[in-house]
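Here the structure comes first, spelled out in C-alpha cells, and everything after it is commentary.
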Amino acid sequence: QLACCCGTAACSLCCRCCPKIKQSTSTRFMYALYFILVTIICCVMMSTTVANAMKTHIPFYKQMCKGIQAGEMCEKLVGYSAVYKVCFGMACFFFLFFLFTIKINSSKSCRAYVHNGFWLVKLIVLAAMCSGAFFIPDQDTFLNAWRYVGATGGCLFIFIQLILLVEFAHKWNKNWTAGANHKQMWNGLLALVTLILYSIAAAALVLMALFYTRAEGCMYNKVLIGVNGGLCLFVSLVAISPCVQNRQPHSGLLQSGVISCYVMYLTFSALSSKPPETILDENNRNITICVPEFSQGLHRDENLVTGLGTTILFGCILYSCLTSTTRSSSEALRGIYTTAETEVARCCFCCVHDGDADAEEHIEKRGGQTVVYDEKKGTVYSYAYFHFVFFLASLYVMMTVTHWFHYESAQIEKFFTGTWSIFWIKMVSCWVCVCLYLWTLIAPLCCPTREFSV
C-alpha cells in the first residue's frame with residue numbers, strides 16, 4: 001500500500017490537478033520539453049562558471065573524466081564543439097521524425113501513434129543520438145561542415161519567422177477589416193491600434209537616437225537608425241499609395257505599423273549586440289560610447305543579466321516554434337489563406353480553433369488528467385512540418401549559443417557582450433523583413449496576371 005501511494009496513486013493525483021488539455025497540445029508540449037532539456041544542456045556546456053564549480057565540488061572529478069574518456073578535465077564535454085555535437089543529435093532526431101511523419105493525415109495510423117506516444121523510448125533515442133555524436137570520426141572535418149549546415153538552417157528558421165510575421169500583419173488587418181463591414185467599432189479599433197503601433201515605433205526611434213548616438217562618433221548607429229527609420233516611412237507610404245490600394249484594398253497602415261515596430265525592435269536589438277566603441281577621454285582613459293550610460297551599470301551583474309536574457313531568448317524561440325507549427329501557419333507558407341468571406345472578426349483573431357468543436361472528452365477511470373481528443377477526424381496540424389521547424393530551431397539554438405561565427409571565444413556568460421556576426425544577422429533580418437512586406441505590396445503590380453491573396 002505504501003508503494004502504491006508513492007507510485008501510481010501519487011502520479012494519478014498529481015495529474016488530476018492539471019487542467020484539461022488537448023491531445024495535439026500535449027504532444028507538442030512533450031516535444032517542446034525535449035527541446036528545452038537539450039537547450040539547457042547546451043547552455044551548461046557553454047558556461048565556464050558551471051565547469052569550474054563542477055571541478056571544485058564534485059569529488060574524484062578527474063578520475064571520473066578519465067573513466068568516461070572525456071579528457072583529463074572533461075574538456076570534450078564543454079565548449080562550442082560539445083554544443084555542436086549535442087545539437088547534431090537533436091537535429092537528427094527531429095529530421096528523422098520529419099521524414100517519418102510525411103503525409104500523415106489520420107491520427108489513427110501506426111506512424112501517428114508513434115508520433116503521439118512512446119515518450120520514454122523517444123527520450124532514450126534522443127539521448128543516444130546526442131551521445132553518439134561524440135564518437136563521430138574526424139571531428140575537425142565534421143565540425144567545419146556542420147557549422148555551415150547550422151548557419152544555413154538557422155538563417156532559414158529566421159526567414160520562416162519573418163514570413164509568418166508579415167502573414168500575421170496581413171491576417172490581423174484582414175480580420176478586423178471584415179468586422180468593419182458590419183460594425184463601426186472595428187474601424188475605431190483599427191485606428192486606435194494603428195496609432196499605438198506608430199507611436200511605439202516613433203518613440204523607439206527617438207529614444208535610440210538619444211541613447212545610442214552622440215555628437216561626435218557613433219556613425220554606424222546614426223546611419224542605421226536613419227536608414228531603418230526611413231524604410232518604415234517608405235513602406236507606410238507605399239501601403240497607402242493609390243496604385244497599391246487599387247490592387248489590394250485590404251492593404252493599410254496597420255500592417256505597416258506592425259512591421260515598423262518589429263523593425264525598431266530589431267534595430268534596438270542589433271545596436272545592443274554591437275561590440276562597444278571606446279575612445280580616450282581628456283584623462284587618457286578608455287570610455288565606452290554609443291551605448292546608454294545606465295546599461296553599463298546593468299552589465300556589472302553579468303550572471304543575472306545572462307540568466308534572465310537567456311531565459312527570455314529561448315522562451316521566444318520556443319514560442320516561435322509552437323506558433324509556427326499550426327495548420328494555418330503551414331498553409332500560409334504554401335500560399336493558402338482564408339478567404340474574406342469566411343473571416344469572423346474577433347479581438348484575439350490568432351487564437352483560431354483547428355476544428356475541434358466535435359472533440360470528445362475522455363477521462364481515465366483510474367483518475368488522471370482530462371484529455372480532449374481533438375484529432376478523432378484527422379490531424380489538426382502537420383506532423384512533418386512541426387518536426388521540420390524544430391529541426392531548424394535546433395540549428396538556430398546551436399548557432400546562437402555559440403555566437404554564430406565567433407564560436408572559439410564563445411561563453412554563455414558573455415552572451416550579451418556583443419559580436420559583429422550577431423549584429424549583422426539582426427540587421428539583415430530587419431532588411432529582409434522590410435523586403436518581404438514590400439514584395440507583398442508590389443507583387444500584384446509586377447505580376448498583374450497572377451492572383452495574390454494575403
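Counting starts with 1 at the first residue shown.
Yeah, the Cβs are placed from backbone N, Cα and C, and that goes for glycine too.
Quick look at what TrEMBL annotates:
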type	residues	note
TRANSMEM	31-54	transmembrane segment
TRANSMEM	82-102	transmembrane segment
TRANSMEM	114-136	transmembrane segment
TRANSMEM	148-168	transmembrane segment
TRANSMEM	189-213	transmembrane segment
TRANSMEM	219-240	transmembrane segment
TRANSMEM	252-271	transmembrane segment
TRANSMEM	304-322	transmembrane segment
TRANSMEM	383-405	transmembrane segment
TRANSMEM	425-447	transmembrane segment
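Long-range contacts of the transmembrane segment (383-405) within the same chain, counting only residues at least 6 positions beyond its ends with a Cβ under 8 Å from a Cβ of the stretch, are 28, 31, 35, 38-39, 42-43, 46, 80, 83-84, 87-88, 90-91, 94-95, 97-99, 101-104, 112, 115, 149-154, 156-158, 160, 313-314, 317, 320-321, 324-325, 330, 412, 415, 419, 421-422, 425. Residues 173, 176-177, 180, 221-222, 225, 229, 232, 252-254, 257-258, 260-261, 263-265, 267-268, 271, 290-292, 347 of the same chain lie 6+ residues outside the transmembrane segment (189-213) yet bring a C-beta within less than 8 angstroms of a C-beta in it. Note on the transmembrane segment (219-240): residues 201, 205, 208-209, 212-213, 251-253, 255-257, 259-260, 263-264, 267, 270-271, 274, 290, 427, 430-431, 434, 437-438, 441-442 of its chain, located 6 or more positions outside it, place their CB under 8 angstroms from a CB of the stretch.
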